[in-house]
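Report on the structure given below.
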């Protein structure tokens, strides 16, 4: 039996751009992708903290520092300045799942990583 777990998370990033006319995806600062362990073209779930919208797309790495840009149809689901949580998931067998810990990246208002951990404590905001 396989179990799907949170693999990686970029927590409360600020949307810096929304480009409706661009081919669909989410462009993310490559430093954030590397810090989180999310790969370019990996499927991600994006949750908009401001309006509750949830959607899936794939990532595109950008060398532009601090960029989190929603592209294509996803651009209708957030406004510049909205806070989003970007998550990827992976399948594990039962034994792997018992010991796996996700990588969680906390960012500041400029989308610069401030803390990287593999643990989230309920009720704590880093």
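Backbone N, Cα and C define each Cβ position, glycine as well.
According to DSSP, residue 25 (active site, schiff-base intermediate with substrate) is assigned to a strand segment. The active site, schiff-base intermediate with substrate feature in Swiss-Prot is assigned to 25; the stated evidence is sequence analysis.
Note: residue 25 (active site, schiff-base intermediate with substrate) has non-local neighbours 57, 58, 59, 60, 71, 72, 74, i.e. same-chain residues 6+ apart with C-beta under 8 A of its own C-beta. Look at Swiss-Prot and you will find 25 tagged as pyruvic acid (Ser).
Here Swiss-Prot flags 57, 72, 73, 74 as substrate binding site, drawing on sequence analysis. DSSP gives residue 74 (substrate binding site) a helix state.
What Swiss-Prot lists as active site, proton donor is 58. Residue density at residue 58 (active site, proton donor): 15 other Cβ atoms are found within 10 A of its Cβ, drawing on all protein chains shown.
Annotation for residue 73 (substrate binding site): same-chain Cβ neighbours under 8 Å, separated by at least 6 residues, are 20, 24. Listed in chain order, the residues near the substrate site other than 57, 72, 73, 74 are 24, 25, 26, 55, 70, 71, 75, 76, 77, each with its Cβ within 8 Å of the site Cβ centroid.
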